[in-house]
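Undergrad: Sharing a structure with you now.
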Amino acid sequence: MEDPRRNVPRTDDVLADPRLVQAAARIGTGLVKRSVVATLALCREGLVAPSEVANHAVANLPSTATSLRPVINATGVVVHTNLGRAPLSSAAVEALVVAAGATDVELSLQTGRRERRGRDTLAALAAAVPAAGGVHVVNNGAAALGLVTLALAAGREVVVPRGEMVEIGDGFRIPELLESVGARLVEVGTTNRVRLADYAAAITERTAFVLKVHPSNFVVAGFTSSVAVRDLAGLPVPVVVDIGSGLLRAHPRLPHEPDATTALRDGATLVTASGDKLLGGPQAGLLLGDEALVDRLRRHPFARAVRVDKLTLAALEATLTGPPSPVAVSLAATQPELMVRAEKIAASLAEVTDAHAIPSAGAVGGGGAPGVELPSAAVSLPAELAEPLRLGAPPVVGHVKDGRLRLDLLAVFPDDDEAMTAAVRRVLESPCT
Ligand SMILES: *Cc1c(COP(=O)(O)O)cnc(C)c1O
C-alpha cells in the first residue's frame, strides 16, 4: 500500500486555498502560515490526511490577530488583575472602535484649529467629580503618583506613614516609585498606628507634601489608627491622597473604600487613582484636585511621557457618560438574583454532571475593598473540570475550594451564562474527560 505521507501537499498549494488567502488578508500571512506549517507537520506524522490539510489549517486559525483571548471570569473576583482588571462596557468598546481610526482628538472640526487633547473626556471627568477644580488623565495610577511626585517633590521630602508603604503588585512598591523620581521619604508612625502629631513633627521647609495611600490590597486589623484626610488638611503642606480604586463617589456596598469626592471635600489637595479598578474603565491614571496644581502637572515636561492615547480617552469618556460599567453591575448584583442564575445553570447541567447551586462570597479584588466579602452565588462542579474548562473555548476560569470547582457568577456577564454552560457541556462531552 502507498504510504499516505508521500502525498503531503506543498505549503504553497495549501496557502492558495481561497479560505486561507482570505484569512491572510484579515489576520496576516504569518499567522496563516503558522497554522499551515503545524498542520503539515501533523500530516507527515500521519495524523492528518493529505486531503484534510487545508480544512484542518482553516479550523485551527486564530480568530483574530491578537493572541489575547476573551475569558469568562467565574472567579468571583470583580477586578481581577490577571484577567485584565475592569472589563469594559459595550459603550466603551464601541468608543474604542470609533477612535481607532483618524479622529478629532486634538482638532476642532468647527474652526479647523488645534484643540485641547481629550477635552470632552476631561469635561466628563470634571462633571463626574464636581469637587475637583482641575482634572487630568495619564497612563495609570502609578504614573499619576509618579508625575505628582516628580513635579512637586523631586529633591524634596514626602511624608508617608509606615503602615501605608504599599506593594501594589508584581514586585512594585509605592515608596520605591516615589524615590525613583527623586523624592526623599520621611516615614512616620508605626506599621499599625500613626497620629496627626507624627505628621506635624515631620514637616519641615523641605516637605513637598504629605501622602496618604489607601492600603488597597491588605487589611491591618486590631490596634490600629490612621489620620483622616480631614485632619491632615489642617497641616501647612499639600495633602496628596492615592485612593487607588478610582471610586469617584462613595459606594453604599463599600462603606470603607475611599472615594475621590469625599477626599476632596475633606480637604485633599490632589487625589490620584486608577481608571481600570472600581471606576470600571480602561487602564488610566486620574489626577483630581487643585486647579492650578493640576495645570502645572499637565504642563510638566514629563506629562508627555505618561500621556494617554486616543483609545484610552474614548473608552474613559464612554465609561463616564455611558451605562453602568460591568464592574458597577457586579457591585449592584444581589445574592438572590445571582442564585437564580446559578440554579438555572446547575439545573441544566445536572443531567450530565454533579452540579448544584451554592451561596458563595466574591471580592472586589486587588483593586480595592480588601477583606470585603460580596455575597454571591456559584455553580459547584467536580474539581477535575477546572483545567479542561480553563483550556476550553471560551476559557472559563473558576476557583477550586473544598475539593470542588466553583463557577462564581458575580463577575460573569449575564449574557455569558449560556456560553459558560455550553463550555461545561463541551468539556464533559469531550473524549478526554
Ligand atoms: C492600584 C494602585 C496603584 C497603582 O495603580 P495602577 O493603575 O495599577 O498603576 C497605586 N496606588 C494604590 C493605592 C493602588 O491601589
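Using N, Cα and C of the backbone, Cβ positions are placed for all residues, glycine too.
Since this is a predicted model, take the numbers as computed values, not measurements.
Features from TrEMBL:
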type	residues	note
DOMAIN	5-44	domain 'L-seryl-tRNA selenium transferase N-terminal'
MOD_RES	Lys277	N6-(pyridoxal phosphate)lysine
Undergrad: Sequence-remote contacts (6 or more beyond its ends) of the domain 'L-seryl-tRNA selenium transferase N-terminal' (5-44), Cβ cut-off under 8 Å?
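TA: Distant contacts of the domain 'L-seryl-tRNA selenium transferase N-terminal' (5-44): 50, 53-54, 56-58, 60-62, 64-65.
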Undergrad: Near the Cβ of the residue listed as 'N6-(pyridoxal phosphate)lysine', how many other Cβ atoms are there if near means within 10 Å?
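TA: Result for the residue listed as 'N6-(pyridoxal phosphate)lysine': 28 other Cβ atoms within 10 Å.
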Undergrad: Note the mean pLDDT of the domain 'L-seryl-tRNA selenium transferase N-terminal' (5-44), expressed as a whole number.
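TA: Across the domain 'L-seryl-tRNA selenium transferase N-terminal' (5-44), the average pLDDT comes out at 94.
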Undergrad: Tally of helix, strand and coil residues over the domain 'L-seryl-tRNA selenium transferase N-terminal' (5-44) according to DSSP?
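TA: Across the domain 'L-seryl-tRNA selenium transferase N-terminal' (5-44), DSSP assigns the residues as follows: 34 helix, 0 strand, 6 coil.
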